[in-house]
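**Student:** If you scroll down you'll find the structure; I have some questions about it.
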Amino acid sequence: MSFTPGKQSSSRASSGNRSGNGILKWADQSDQSRNVQTRGRRAQPKQTATSQQPSGGNVVPYYSWFSGITQFQKGKEFEFAEGQGVPIAPGVPATEAKGYWYRHNRRSFKTADGNQRQLLPRWYFYYLGTGPHAKDQYGTDIDGVYWVASNQADVNTPADILDRDPSSDEAIPTRFPPGTVLPQGYYIEGSGRSAPNSRSTSRASSRASSAGSRSRANSGNRTPTSGVTPDMADQIASLVLAKLGKDAAKPQQVTKQTAKEIRQKILNKPRQKRSPNKQCTVQQCFGKRGPNQNFGGGEMLKLGTSDPQFPILAELAPTAGAFFFGSRLELAKVQNLSGNLDEPQKDVYELRYNGAIRFDSTLSGFETIMKVLNENLNAYQQQDGTMNMSPKPQRQRGQKNGQGENDNISVAAPKSRVQQNKIRELTAEDISLLKKMDEPFTEDTSEI
């Protein structure tokens with residue numbers, strides 16, 4: 001006896017926009033294109049999973065009994081815990097709850113700026129022995145296939161489930177038994193980006209769909225609304241960003257004005273909350289390096305947390321809990337040196353701490369961490385020594401290379417004997433002149 005999902009206990013089937021057999025119909029799994037009349041537009045046929053053109057995506061060759069699960073975060077794995085992952089279907093016993101999820105690589109679309117954007121994949125469930133991998137055994141390692149089965153199912157035999165005929169059987173909203181953990185970064189089509197609690201999801205979708213039915217019934221001859229899918233949301237978001245000129249692919253240009261604003265914003269924060277970067281250097285945030293602030297040198301003082309080597313050091317930074325509970329703390333009142341004399345003085349306190357960060361050679365990236373620490377610990381001492389060295393004499397403009405050592409000698413006028421401050425003895429002539437200066441002056445009245 002073959003089983004047909006959704007043919008039994010229709011009252012427990014997911015509520016919503018019900019068609020003849022009480023099963024939801026989804027835009028990505030509809031069998032025929034319906035003509036939808038819209039205001040001022042030509043009728044557009046709905047695209048199904050089999051009618052989509054393979055522009056950067058594969059075509060789903062078979063119809064799944066269930067709505068898909070769409071990925072909305074990159075880098076997230078599609079996986080379920082053992083014994084989980086098979087959707088609930090009225091009329092299908094637990095012994096037949098076995099199959100696989102098939103990854104549908106969706107199409108790409110062109111954004112407003114002319115770039116192609118690839119949509120994240122969507123997964124569809126097929127019972128064992130049906131769908132695109134009907135001839136493959138359970139557990140076969142296939143790219144884009146994830147095998148699931150309940151604990152009561154025998155995975156050595158195919159499921160006794162009929163293939164879905166889209167002309168008579170419509171897609172069932174995907175629901176899971178209580179306790180099923182939905183993969184992180186994925187959401188079930190038609191349920192929003194919600195938690196994996198299938199019952200609450202079903203009730204929420206039931207209330208939303210019934211409210212939508214009442215609004216359509218009250219609208220009279222109002223034209224029916226078209227279905228909104230996550231694909232449309234992605235396209236709308238890209239168009240809005242392009243219209244506003246906020247393309248995420250283009251780096252934001254930092255001008256002098258914006259750099260000044262960023263620096264002022266950082267300096268307005270309390271000292272312990274500042275994060276130095278290219279716009280606000282380490283010295284601007286925390287002052288010059290010295291015995292009490294002895295970390296940082298070279299490029300790290302210029303780039304701060306933007307330095308490529310800083311993230312690996314940040315792994316050593318203690319958490320807030322480790323800071324308070326793993327350190328020796330001391331509260332001290334200090335003199336307030338900020339503010340004008342006319343302003344009321346505030347009480348200023350310092351929470352002084354003393355602790356240690358312990359790590360060993362088994363830490364990931366140990367060699368790199370030691371290299372960065374050795375380069376930046378007490379680096380100010382080497383910098384001070386470099387600054388105290390006499391600068392290299394610079395060649396004057398217009399002077400050619402290869403001249404002798406005399407080129408670097410000063411050409412200033414020689415100093416006089418007085419400037420040289422040399423001691424010499426008086427001669428007889430000097431003594432005679434000094435005596436004449438001491439004699440009284442007499443006017444010569446003789447006539448020539």
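Heads up, the Cβ atoms here are built off N, Cα and C, so glycines get one too.
Quick paste of what Swiss-Prot says about this protein:
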REGION    1-55  region 'Disordered'
REGION    52-194  region 'RNA-binding'
DOMAIN    61-190  domain 'CoV N NTD'
REGION    158-231  region 'Disordered'
MOD_RES   Ser167  phosphoserine
MOD_RES   Thr174  phosphothreonine
MOD_RES   Ser191  phosphoserine
DOMAIN    259-384  domain 'CoV N CTD'
REGION    383-420  region 'Disordered'
MOD_RES   Ser390  phosphoserine
MOD_RES   Thr427  phosphothreonine
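Can you tell me where each of these features sits in the structure?
**Tutor:** For the domain 'CoV N NTD' (61-190), the model gives a mean pLDDT of 88.
The number of other CB atoms found within 10 A of the CB of Ser167 (phosphoserine), across every protein chain shown, is 8.
Cβ neighbour count for Thr174 (phosphothreonine) (all protein chains, 10 Å cutoff from its Cβ): 26.
Long-range C-beta contacts of Thr427 (phosphothreonine), restricted to its own chain and to partners at least six residues apart, with a cutoff below 8 Å, are absent.
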**Student:** Do you know offhand how many angstrom separate Ser167 (phosphoserine) and Thr174 (phosphothreonine) by C-alpha?
**Tutor:** 20
**Student:** Can you break down the domain 'CoV N CTD' (259-384) into helix, strand and coil residue counts using DSSP?
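**Tutor:** Its residues divide into 53 helix, 16 strand, 57 coil.
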